């Protein structure tokens, strides 16, 4: 039997969880984007999000759906979240383990006024056009700089293979 | 009791302002960090506003503005304008007990008061001494001495239910049975909803009711009616037509708006252009005219001075000439008088050439001629004056 006290305790837990995250989630749900969907993996853990981005048209990623893991620290928004690709992707700004190189997400660059929507928008932007200046060490980055056609071909193959 | 009392106080003070639901919220009143309306706002020297708690927490991480990342220290923070605090405090919020049924909306600053003293759904300590649970105010108001946590047996499902929960339980108890209002058969609460949608006895209206069919009758007769009803068979077609008309109306509206905007704009543009050119024309004409006027004024004044100077000179000359003539006359008169006096003395005739030498000498120096004859003048002053008056007047005329 759920006593009012128990109900109150649950309420307090919800209240103690991050209000900023709840509000941002509400905003994202209120204005869904045609390009991506984002939300917590489970209702019980509001700090682990799954983002799913549709490959933008006119890029080698067209036709693919890319899943990313967005992990928020308990101290969000005072500390930056981390973003990594779960779906394998051939991209100059993505490390082989899926980590995305976004300067904004570094601790010294992060500002609490940044929103998760901004972070996701940057990731979508990277799919549309890789950031050559932020390219990290890796095969994809080297080939992107040297042989654009080969890069596009491999990226298309990977999209077909992993992101369908 | 002690525990109950402590919970009672915390239940009121624990109000989490950030999780409140606002009736309407201006985006400008939202803290960029916590995404909810400012709570106890503060203001930075770079012009940004945050909740105090959020800002100090962000500064504890790094001494930078959370919006523009400019350097920021504790000294750069000041209290906000009073108007901002008032605006956020007066925002209307829904009572946090809205889920339980409280429909009030109150100003945020009055919410605590509402929860403590008014809200019927606030949890308070159970009035029974033996009970440590909490109970909503509405139950206490109903019977201040009763403990509503006493378990009661549900008459239908035989579960034990707390007394205060019985009302809610009655609506959800699956074992409870109720009568269908149409066919009078008994159904459990779980099934009655499905039954009401299918009960053959219940009175329904024709699906084409909105199109004008006034038939209504038992559900079992509905099928036979729809087979005959013209409006029902027409319904899909009419629906499609209606949709088309709505689409066309919307399109028409946008087109009309476009025309209105375009038409008025072009008219406005040409009108404005016309007015501007006219204005420019008038301005240049005005400039030209004022220039001409200035020129004319200068010319006029130059001419005037020239004329005046010349006239003055002429007047001076004439005055000199008049003076000269006067002296000449004077001299002649004197000459004549002395001559007359001598004549009187000698009784001789006046010589006719006396006038000629006098006039030639007066033309050269009239003034000196007057002076040289001073002594004669003094001698005959009385006589001369009397005689000279008529001559002077002749000269002036």
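A Cβ is built for glycine as well, from the same backbone N, Cα and C atoms used for every other residue.
Because TrEMBL annotations are produced automatically, they should be read as predictions rather than curated entries.
For B:238-328, the entry in TrEMBL reads coiled coil.
The feature compositional bias 'Low complexity' is assigned by TrEMBL to B:356-365.
Sequence-distant contacts of the domain 'RING-type' (B:31-69) (same chain, six or more residues past either end, CB-CB distance under 8 Å): 17-20, 22, 25, 76-81, 84-85, 88, 91, 108. Residues annotated as domain 'RING-type' in TrEMBL: B:31-69.
A mean pLDDT of 76 is what the model gives for the domain 'TRAF-type' (B:169-214). Residues or ranges marked as domain 'TRAF-type' by TrEMBL: B:169-214.
Residues or ranges marked as region 'Disordered' by TrEMBL: B:356-376.
Among the features that TrEMBL reports, zinc finger is placed at B:169-214.
In the domain 'TRAF-type' (B:169-214), helix, strand and coil residues by DSSP number 17 helix, 9 strand, 20 coil.
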